[in-house]
């Protein structure tokens, strides 16, 4: 299965009538493996900040999490495993695997829990597969 198929079929899939607004699979070096059409362009410093927060949990909390120039308030995640952010009625979930970052962006009516489930389920599967 191609990386694009993982984005299209596993991240952008419909869940309880809803789906993510944007999603991507990105290497730890910031290279985009696959993304939805609506996913914003990631800046190198944004990826560096995300990786740093996984290595040193809490570093993004004071400044916020930036993805494609959009600022998200960092909310409770799983230190070193999952970063979650909130912006208005939407938000973001980022799951770190051994080689990649699985990123899902959502807006209402999708719920944070639905986003977390979609992103973390694929992340857990890729970890099991060695990615």
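Here the Cβ of each residue, glycine as well, is placed from N, Cα and C on the backbone.
What Swiss-Prot annotates here:
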type	residues	note
DISULFID	13-115	disulfide bond
MOTIF	81-97	motif 'Involved in PIP2 interaction'
MOD_RES	111	phosphothreonine
What is the Cβ neighbour count of residue 13 (disulfide bond) at a 10 Å cut-off, with all protein chains included? 13
Same-chain residue ranges lying at least 6 outside the motif 'Involved in PIP2 interaction' (81-97) that approach it to Cβ under 8 Å: 21, 50, 53-54, 60, 64-65, 67, 70-75, 103-108, 110, 112, 115-116, 119-120, 122-124, 126-127, 131
So how many of the residues in the motif 'Involved in PIP2 interaction' (81-97) end up helix, strand or coil by DSSP? 0 helix, 13 strand, 4 coil
Counting across all protein chains shown, how many other Cβ atoms sit within 10 Å of the Cβ of residue 115 (disulfide bond)? 26
